[in-house]
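So the structure is just underneath, and the comments pick up after that.
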C-alpha cells in the first residue's frame, strides 16, 4: 500500500490513526468475505486460495456492507455458549430472567438426593426471579454486586443453589439492556472458598509478577520469554506463546515455551485474517478468553420472545467460539486454550497527557498482542486463576509500554546522531555525493537493503539497488504519476501501480523517496518481507502435499508468505520523519539563494534567548535560596567534596546542630554510622548526575536533642549545577519521618488501641486508610478526609480497588490504568505478606485537584499472626517542598528550552552557511587572481571553524575538562591559521584604530605541521579578540612566535610552538583571567567562557596559557604541541 507524503505533512500519530482506521475497515471487510465463504462451502472452504485473493482484490470489490453487518452481528450476538457453565440474562429493574441457556435449569435447579427438601423446587424459565434460586449469603452478595455501577467489580461471587446445594462462581457483566451472569461450577476441593473479588487472585500470580517486576528492562525478548515461562508454570498448559501484532496487523509468535515433544511455532508469521478484527475488538472488551474443549457441543440460548435485540455475549466468559476457529484448533491438535489480551498505549507523541489531567482524557489503547496457552486435552481453569492470569497480562502490558518508551528514546537518539553526521558531511562537501560515497551514508539513516541518488543527471547506487536504467525509469514514473508530491513511501511498488515492478523481482518491493528538487532524488529500497522471516518450526517435507483446505499453522505461514510475496516491511512514521528531515537539510544545502533576513531573525532570537534565560535564571536562583532558608522541611546541601554548605533552620531545629556548627563539616560526620554507606552511595551517584529519590537515612542529634535519638529523614537528592551544567554539589530535600516511625512502632506494639491513633485529629498523624483481607475499605481517618474531600462514611465498606480508587469510575481517580495496576501490586503484595517499599502515588481528590504523595503500605496482623488487612500511610510534601520541586522543574524546563533553542540554531545556521559555501565555491571557478583566491580561502577557514564550534553543541559539556572535544590530526600550514585568526578581529581593530602587527618568521609560517589547525585557529582568534577588546583606542596588538623541534624519529619531530599576543593598555581584568582558570565559576561571562574553552583545548593539545603584565603592556603566552611533516 503506497502513500505519498505532501510537503506540509500531518503529525505521525495522526497519520498512523488514519491509516490504522482504513486498514481495520479493509481487514474487517475481508474477514466478512472469508466468513461468508466458510459458511457457504463448509468442508470445501479453500483458506489458502481466499487469503491469497486479498492481494489481487481491490477494496471496492471487497465492499459488501450487508455481509460485514451480518458477520459482526453473528460474532457478537451468536446464541451459543460453551457447556462448562450456564448463563442467565436478567432484566436490570426486576432481576427476572429474560434469557437462559438450555442447560441452566439442569445445572441450577436439579434436586440433589443428598439435600432433602419439603418444598417444591423452583422452576427456572423466562420470567423467574433470580433471588429464588440461591441461598444466603450468596444471594445477598450477588444482589450487592448487581447494585454497583460496575457490576463486575466483585467477580467472582460465590453462590449456592437452593435445590442442589451446588456451589457456583457467578460472573456478572452488563450488556445492552440487561445483566448477563455466567455460572461456573466450583470444584469440591475449592469449596468453601473466599470469593472477594480481584484481591484474592493476586496471590496466585504473586511470584510471576515479582519476577517480571525484577527484570532490568531494555530487552523486549527477555520480557516476553519471562512472561510465557511464568504463565507456563502458573497454568500448566502444554504450550504458551506470546503473539505480537505488527503494524500491518499480521501476527508473529514472538516467544514460546512447550512441553517436550511438541512442534515449535516460534518465529511463525501468520496473516492478519487468522485473528479477525472483530475478534480483536472482543479481546479489547473482554481481556481473557477460555475454550475448554473445542470438540464439545455448544449450548443454545433461549430468549424472551418480546426482546427487540438478541442478547450480546461479548463480555461472557462462556461465549462459544466460531466454528471456523474450532476447526483450526482441531487441526493443530489444540483441544483447549486460554488467551489473554495485551493492551498498551498508542504511540502519540503529539497528544501527550499532562499529569494533572483526569483519567477520562488518557491515551488511546491498542492491542499489542496476545498471551496464548494451548493444551492437547480438555482443560478448565477456574475464574480466580484466570483473573490472576489477566492481572499478570496487565503487569506485562505496563512493562511493554516501558520498553516501547525506551526503544523510542534510543531510536530517536540514533536517528538524530545519524542526521547530525550526515548534515556535517553535507556542510563539508556542499554536495549530496558525500552522503552516498562516505561513511556513514544514507543507508544508515533507516533500515533498508539498498539506496540510490539521482543527482545532476547521474546515478549513484548502494548495495541492493535497482540498475541505473531501472532507477531512471522509476524517476520518470514519479515525475509522471506523483508529480505534485515531494516524496513517496510504499511497501509494494506493485500495489502502488509502478508498471516495472515485476521486472524488479522480489529483491526490490518497497521504496521510500525524497525529492530534493524536480530532478534530484534520493531513494531507499527494501526487499520482500519473506526475506526477513525464518520460521523455526519443523521443516516441511517437499514430497508431502499440503491440503490447502486444512487450516493449520503451516498453511497460515504459507498464506502469509503469499500475501507478502510482493511486499516489504512497511515504512514506519519515524523513519519517514527522518527521511523528510534529511530532505529539508539537502534542500537548504543546495539552495544558492541566501536569505539575509534569516540571519537577522536568528540574531534576534539569540538575543531574546539570552535576556529571557538570564532573567529566569536569576529569578530561580533567588527563589531557591529563599525557599531553602525559610522552608518548613529539612533541606541540606554539600559541595562536590561532601562538605556541608547548606543547613536550613528546620534541620538545625530537628538535630540541635546550629547552622554555623554544621557548615564546613563533612556530611558523613553528621549522619549515623549505619547510614554512612547509604549516604556515600547517594552522594557518589548525585555527583555523576544520577539523582536518587526516597532514600532513608538517619542524622545524629546534638545538644538538647541528643537524648531524643536520631532524626529519620526520607531524602530526594538534587544535583546542583553551575551555568555550564557541571555538577558542583548536591542538595538534599527531606521529609522528617521520625514521627511516622513512632506511629508505626506504636501500631506494631499496641493491640486494640490503633483506632485511637488513626482517628486522632493531631496534625502529626498522617492520612491513613486501610482495607480488610477481602479488599473492603475498613479505615479512613480524619486526615484522609481532609486530603481527599471524601468523608469516612462515603468510602467505608466499599471496594478499595475499584470503588474508592480506580482509573475510570471511583471516588478518587488515579491517573491511568498503569497507575491503577501499580497500586494493585503494592496493596496485594502487602496482603500476600511481602515487604513493600514506599512508592510514589497520585490521584484526583473530590474537587479534581491532583494530589502527589508517597504511599507506604503495611500489613495488619491479628494476635495469631494472620494477615487481616492492610494499613496505608500517605505522606504529602509540604507546600514549601512542593513549591521547591516546582521551581526545580521550571529550572529544568528552562534548561530544556535552551537546549531545544541551541538545536534549532545549529540547524538554522547550517543552511545559510551552506549557501555561503556554495557561493565561495562558485567564486573559485570565476578565474580569481592569487590575492582574491587568498581571501576566499580565509573565508573557507573561518567557515570550518564555525562548523567545528557548532558541532561542539553535541557534546555533553564543552567546559568539562574530561569531555572529549574532537581533535583532528591533519596537515596544515601555520600561515593559513594566523591569517584566518587575524581576519576575525580586523573589523573591530579598524573601529578602534588599533594596529595589528605580526612578528612571524617566514620559515615558521611556511612550515607544514600536523595537528588540529581549525582548533588552533579558534584558540588564537579568541585570545586576539580579548586582547583587542581591552586595548585602548589607537593602541597596538603584536603577535610573535617561537618554535622548537624535538626529534622522535628519522623524519618525525615534535614541535613546541609558543605564541605571544602582546597589547597595550591596562590589560585584561583580573576577574576575567580568574574565569579562564576556574571552570566552575558560577558568574562566568561570555569572554570568560570563551577563554576557558580555549584553555581546555590548549591542554588537550598538551599546552597551556599564561598571562603577564608589565608597564603599560600585557601578554598572553600560549604553548601548544604539534608534529612536523616528514621531510620531502
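All residue numbers here begin at 1 and follow the chain in the order shown.
For all residues, glycine too, the Cβ spot is worked out from N, Cα and C.
Note that the coordinates shown come from a computational prediction; the quantities given were computed from them, not determined experimentally.
Per Swiss-Prot, these features apply:
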REGION    1-24  region 'Disordered'
COMPBIAS  1-21  compositional bias 'Low complexity'
DOMAIN    219-404  domain 'GAF'
BINDING   324  phytochromobilin binding site
DOMAIN    620-690  domain 'PAS 1'
DOMAIN    750-834  domain 'PAS 2'
DOMAIN    904-1124  domain 'Histidine kinase'
- Task: Tally every other Cβ atom lying within 10 Å of the Cβ atom of residue 324 (phytochromobilin binding site).
- Result: 15
- Task: With DSSP as the yardstick, break the domain 'PAS 1' (620-690) down into helix, strand and coil residue counts.
- Result: 40 helix, 12 strand, 19 coil
- Determine how many residues of the domain 'PAS 2' (750-834) DSSP places in helix, in strand and in coil. 31 helix, 16 strand, 38 coil
- Model confidence over the domain 'Histidine kinase' (904-1124), as mean pLDDT, sits at 80
